[in-house]
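If you check Swiss-Prot, you get these features:
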BINDING   Gly8, Met9, Ser10, Gly11, Ala12, Gly13, Lys14, Ser15  ATP binding site
BINDING   Asp57, Ile58, Arg59, Gly60  GTP binding site
Amino acid sequence: MQFLIVTGMSGAGKSVALNFFEDMGFFCIDNLPPALISKFAELCLHSELDKIAVVSDIRGREFFNALFSELSSLEKRGIDYEILFLEASDEVLIRRYKETRRRHPLDEEGRVLDAIRKERHLLEEIKGKANKIIDTSKLSKQELNHELKKVYSSYFIGKQSMSVTIISFGYKYGIPMDADLVFDVRFLPNPYYVRSLKERTGEETVVQDYILKWPVTQKFYKRFFDMMDFLLPEYSREGKSHFTIAIGCTGGKHRSVTTAIKLKEFLLSKGYHVVVEHKDISK
């Protein structure tokens with residue numbers, strides 16, 4: 001089990017980090033009271049959860065007394081954990097609070113800088129126990145995601161972090177609105193005009209064999225699959241955790257369906273989690 005505790009300065013990006021880990025398949029909890037950490041970890045041990053990330057920070061008030069005793073309890077129970085600590089400069093934190101117009105959890109007199117300095121002092125000890133410290137002062141949300149992916153790449157070894165949805169559709173019924181990329185395969189040979197194939201669909205081998213036997217299909221599939229093999233890792237590096245590819249033909253029953261199925265087979269061989277939806281196959 002991978003158990004990650006995310007903590008650090010308020011406004012330093014803990015919510016961004018938690019969203020990243022959730023997109024990467026972690027079970028995530030925000031603002032977990034420190035006193036519940038060891039009990040929660042124990043529950044996770046007896047579940048099917050294998051990757052857990054929790055945010056526990058100064059919002060828990062009785063932060064240090066509870067947190068350090070909970071970490072000690074984890075160690076006694078033999079539960080491995082890591083601590084990620086996020087910080088940023090006073091100037092950046094003040095600017096972020098002004099931009100969001102949110103109140104610092106320790107700000108009782110309207111002095112944000114005093115609250116930030118107090119929090120920094122209180123967090124000094126837990127910072128010293130952190131496995132990884134990231135200063136987000138000069139990082140955008142996207143850049144923080146890049147850094148997290150780099151730092152925690154070992155958590156995803158052997159797995160593609162991006163999931164892919166492939167939608168086949170018919171242009172006569174409209175293009176899916178949620179597609180990231182749309183491909184038009186109406187140039188491929190059309191089984192609709194073959195009497196024995198007209199009422200069949202691209203899910204059937206006989207239709208697939210017809211489409212695949214043509215050189216234009218074979219050339220297109222090679223180039224298409226090579227392009228997706230190049231593009232998806234690049235989109236993943238830009239922070240996308242899910243990608244939707246729409247493939248259209250005239251009616252959405254033959255060419256687009258076959259192409260979606262063959263693309264799925266290719267992406268599965270590359271380790272991606274793939275879901276296929278044939279939007280118009282029954283129309």
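Positions of Cβ are set from backbone N, Cα and C atoms, glycine also.
A Cα-Cα distance of 7 Å separates Gly8 (ATP binding site) from Asp57 (GTP binding site).
Each of Asp57, Leu86, Glu87, Ala88, Thr136 belongs to the same chain as Gly8, Met9, Ser10, Gly11, Ala12, Gly13, Lys14, Ser15, is absent from that list, and has a C-beta within 8 angstroms of the C-beta centroid marking the ATP site. Each of the binding-site residues Ala12, Ile58 was scored by the other Cβ atoms within 10 Å of its Cβ; the lowest score goes to Ile58. Taking the binding-site residues Ser10, Ser15 in turn, the residue surrounded by the fewest other Cβ atoms inside 10 Å of its Cβ turns out to be Ser15. Reduced to three states, the DSSP call for Gly8 (ATP binding site) is strand. Ranked by CA distance from Ile58 (GTP binding site), the binding-site residues Ser10, Gly11, Ala12, Lys14, Ser15 have Ser10 at the top as the closest. Ser10 (ATP binding site) and Arg59 (GTP binding site) have their C-alpha atoms 9 Å apart, to the nearest angstrom. Under a cutoff of 8 A between CB atoms, and with a sequence separation of 6+ in the same chain, the neighbours of Lys14 (ATP binding site) are Val6, Thr7, Gly8, Val55, Asp57, Leu86. Residue environment of Gly8 (ATP binding site) contains 28 other Cβ atoms, counted within 10 Å of its Cβ in all protein chains.
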